[in-house]
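This report refers to the structure that appears directly beneath it.
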């Protein structure tokens with residue numbers, strides 16, 4: 001029933017359920033209820049009891065009742081009548097709901113944006129001035145170690161290998177959840193470069209065997225449930241970082257020593273420099289788009305050409321060896337450095353990280369600088385040994 005004032009009498013639902021009411025009168029009541037409830041639907045009145053919108057409407061009704069002193073119209077009987085009326089007007093209610101919800105969502109997003117602004121992205125690996133500064137500092141330390149304080153070079157190598165092992169083990173643990181004991185990795189990172197730099201390849205071989213046994217025994221004594229997986233990941237770190245880094249000190253122990261090691265380092269730098277310049281200007285055909293989209297065949301060709309010129313010049317005027325050995329060393333260094341870059345890119349994609357760490361401003365982590373050098377050192381050592389054998 002409706003009062004003359006136009007408002008619905010929800011406090012007497014029995015009248016709406018009287019069996020003596022004719023079908024026409026019931027239909028008229030529903031139409032009247034629809035007309036009366038139109039303002040409430042425009043404000044977002046819910047269509048179904050028990051839903052989220054119904055709870056919101058109940059809260060609004062309770063607030064209005066408390067403010068005006070009128071009885072709450074959201075009682076169980078009133079709700080039944082409201083549900084009956086809203087059944088007829090489901091589509092208008094849905095339309096008003098669609099209009100109201102985006103406004104609320106927009107207000108929520110605006111408030112959240114004001115409360116917690118979006119953090120700026122890290123510039124690791126993209127800050128050119130910082131990258132140049134760090135690169136110059138590393139080259140200066142390398143030069144001092146090569147030509148002034150040899151023991152500084154060994155200490156620097158142990159430090160770099162230790163940091164690289166820590167970065168890789170941390171990234172592996174974060175991705176896999178498998179604990180990797182850090183102590184044996186740090187011991188190995190200190191021992192292998194030290195043995196290679198002071199005593200040569202035989203000491204390196206014996207030290208590598210001892211360190212591998214240490215890694216296995218350490219994991220066994222800890223008795224973790226992921227023992228085999230932890231051993232496998234630990235051996236991966238040992239073979240990737242300290243073992244490959246030790247070849248740099250084997251080159252340093254050779255007859256040409258500091259000059260040979262500097263030649264390999266400069267070839268890796270030439271590979272990166274010429275590859276970047278040519279790739280940025282002419283690069284159109286990616287080498288491995290799924291692994292490293294920015295590396296192109298044009299950039300690789302530029303690396304080969306530029307490093308070959310540098311390698312021939314260094315071998316003729318610094319190492320005093322045949323020019324063709326310089327060409328072989330340069331091409332092999334470019335190939336190995338590129339493979340090392342791809343290897344780390346593949347690992348980082350699998351681990352879901354962009355940089356191994358943010359330790360070096362403008363470069364990322366230590367491993368982000370060592371990726372090319374580590375893979376180039378073993379073949380560089382082989383070419384240096386070949387040059388010594390040829391006299």
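Just so it is clear, glycine is given a Cβ too, placed from its N, Cα and C backbone atoms.
Record features (TrEMBL):
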- 1-12: compositional bias 'Polar residues' (COMPBIAS)
- 1-89: region 'Disordered' (REGION)
- 39-51: compositional bias 'Low complexity' (COMPBIAS)
- 63-89: compositional bias 'Low complexity' (COMPBIAS)
- 148-166: transmembrane segment (TRANSMEM)
- 178-196: transmembrane segment (TRANSMEM)
- 202-221: transmembrane segment (TRANSMEM)
- 233-252: transmembrane segment (TRANSMEM)
- 258-278: transmembrane segment (TRANSMEM)
- 299-319: transmembrane segment (TRANSMEM)
- 325-343: transmembrane segment (TRANSMEM)
- 373-390: transmembrane segment (TRANSMEM)
Selected stretch (most C-beta pairs under 8 A with the transmembrane segment (148-166)) from 178-196, 258-278, 299-319, 373-390: 178-196
Recorded stretch, among 178-196, 233-252, 373-390, maximising Cβ pairs under 8 Å relative to the transmembrane segment (258-278): 373-390
Other parts of the chain folded back onto the transmembrane segment (299-319), taken as Cβ under 8 Å at six or more residues beyond its ends: 256, 259-260, 262-263, 266-267, 270-280, 282-283, 287, 325-327, 329-331, 333-334, 337-338, 387
